[in-house]
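Asks: Got a structure here, written out as structure tokens. Questions coming.
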Amino acid sequence: MNKSANAVVNGRHIQTGQPIQISLNNSLIAGIESLSDTEDLPWIGPGLVDLQVNGYAGFDFNTLSLSSDDICNVALKIAALGVTSFYPTIITNSDHTLEKLLGAIAQACAEHPWLQRILRGIHLEGPFISPEDGVRGAHDIQYVKAPDWEQFQRWQQAAQGMIRVVTLSPEWNSAPAFIAECIRHHIVVSIGHTSATPEQINSAVVAGARMCTHLGNGAHLLLPRHPNYIWEQLAQDELYPCVIADGFHLPDQVLKVFHKVKPDKLMIASDAVSLSGLAPGTYKSFIGGNVVLTTEGRLHMADNPDLLAGSAQMLPYGVEHLVRNNLCGLAEAWAMASTRPASFMKLPEAHGLQVGAPGDLVVFDWHQEQLVIHQVYKDGQPLTSSNGSTFDSQS
């Protein structure tokens, strides 16, 4: 990227509503000044950060055919949506396939150094999850296994150290020791796809687990009233729940309760699959079987419309859903999708709209209960705009 590029951006500060002018220089926010004219100014928010992306626009990070060029292309497409940082997510598979998938992402980042400014790390979701039906979700049971640090080190070597988040179930006896090793190596451990007891969840938190992967999903259809693994995760003060706020995966009442319980820790992620961004219709799914993508953006199994087949909405839609349904205000919803996950992952983007922070900006309007994105900046450069200009991704 051309770090000498300069730009000036006018708009309303997403958190304060105040009209401001942001100066960008050398990939950073160089200055912020107040403006007196508020007429027709759009909003300015920091770039969104998605902790869980399986794919987009027909690209799937879980397919071996994905080339470095494919990975670059899908990264730019996702960033153009305002998601200027994200974590490609690799799910349960064979040891060999996982090694190849992780290696492909690492190779793309090695060949194109700019790419790692958008792909901030890899989220490994599985295979150290529950083997039980229901909580296991679409993960292939033949590859589910107990946490194994030696095997994980081989995957991390293939990923060239890029695995930054691991989703696992604490129900395995080896989980606490594995979690402790992850923490020692600065890898975030998230609880997900679990049938763990409250005691096992507590042991995981004591060992260092700090996040919940799509809390409320990847769960049994029926649970004991209490205790159960959802109550326990909500009750653990140290845990940051991540949820899919697309309106299909969790009822609004559940989202509202989660937000009340964890007002400063709740984060949203897309968990988007490769069919997100495609036209409504019937498709062949990576997980097997035909699936239907509706005009409303709901993805379900073709032979059972009641059964979801993944998420087909990108992160900005989650912000829209929260605001449109009065679950929180625009500023809070934007924080749940940007500075909060950035802070959780200790990214410099956690500073948001401040002098010295990365020049990752989204300029948008809130029009008829929808986000209308006008311009996205990555490292101070325009990523996409109405005239089709793009940032310099050659360096």
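Placed from the backbone N, Cα and C atoms, the Cβ positions cover glycine too.
The following feature annotations were taken from TrEMBL:
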DOMAIN    46-380  domain 'Amidohydrolase-related'
BINDING   GLU125, HIS193, HIS214  Zn(2+) binding site
BINDING   ALA138, ASN217, GLY218, ARG225, HIS249, LEU308, ALA309, GLY310  substrate binding site
ACT_SITE  ASP271  active site, proton donor/acceptor
Asks: Write down the Cα-Cα distance for GLU125 (Zn(2+) binding site) and LEU308 (substrate binding site), rounded and given in Å.
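Replies: A Cα-Cα distance of 18 Å.
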Asks: Which one is it: of the recorded positions ASN217, GLY218, ARG225, ASP271, which Cβ has the fewest other Cβ atoms within 10 Å in this structure?
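Replies: ARG225, out of the recorded positions ASN217, GLY218, ARG225, ASP271, has the fewest neighbouring Cβ atoms within 10 Å.
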Asks: Would you kindly give the Cα-Cα distance separating GLY310 (substrate binding site) and HIS214 (Zn(2+) binding site), rounded to the nearest Å?
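Replies: Answer for this pair: 11 Å between alpha carbons.
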Asks: When the Cα-Cα distance from the residue listed as 'active site, proton donor/acceptor' is computed for each of the binding-site residues ALA138, GLY218, HIS249, GLY310, which gives the smallest value?
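Replies: Given the candidates ALA138, GLY218, HIS249, GLY310, the nearest one is GLY310.
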Asks: Relative to the Cβ of HIS193 (Zn(2+) binding site), which residues of the same chain, six or more apart in sequence, are found under 8 Å away?
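Replies: Correct list: GLU125, GLY126, ILE129, SER130, VAL135, ARG136, GLY137, HIS139, THR167, SER169, THR213, GLY218.
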Asks: Three-state secondary structure of LEU308 (substrate binding site) from DSSP?
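Replies: DSSP assigns LEU308 (substrate binding site) to strand.
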Asks: Among the binding-site residues ALA138, LEU308, ALA309, point out the residue whose Cβ has the most other Cβ atoms within 10 Å, with all shown protein chains included in the count.
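Replies: Answer by Cβ density within 10 Å: ALA309.
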Asks: Taking DSSP as the reference, which of helix, strand or coil describes GLU125 (Zn(2+) binding site)?
Replies: strand
Asks: Just going by other Cβ atoms within 10 Å, which of the binding-site residues GLU125, HIS214, HIS249 has the emptiest spot?
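Replies: Taking GLU125, HIS214, HIS249 as the binding-site residues, the minimal 10 Å Cβ count falls on HIS249.
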Asks: What average pLDDT is reported by the model for the domain 'Amidohydrolase-related' (46-380)?
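Replies: Summarising the domain 'Amidohydrolase-related' (46-380) by its mean pLDDT gives 97.
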Asks: For a quick check of packing: other C-beta atoms within 10 Å of the C-beta of GLY310 (substrate binding site), how many?
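Replies: Total other Cβ atoms inside 10 Å, all chains included: 24.
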Asks: May I ask you to report the DSSP-based helix, strand or coil state of HIS193 (Zn(2+) binding site)?
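Replies: Its secondary structure by DSSP: coil.
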Asks: Of the residues named as substrate binders, ALA138, ASN217, GLY218, ARG225, HIS249, LEU308, ALA309, GLY310, how far apart in Å are the Cα atoms of the most distant pair?
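Replies: Taking every pair among ALA138, ASN217, GLY218, ARG225, HIS249, LEU308, ALA309, GLY310, the longest Cα gap is 27 Å.
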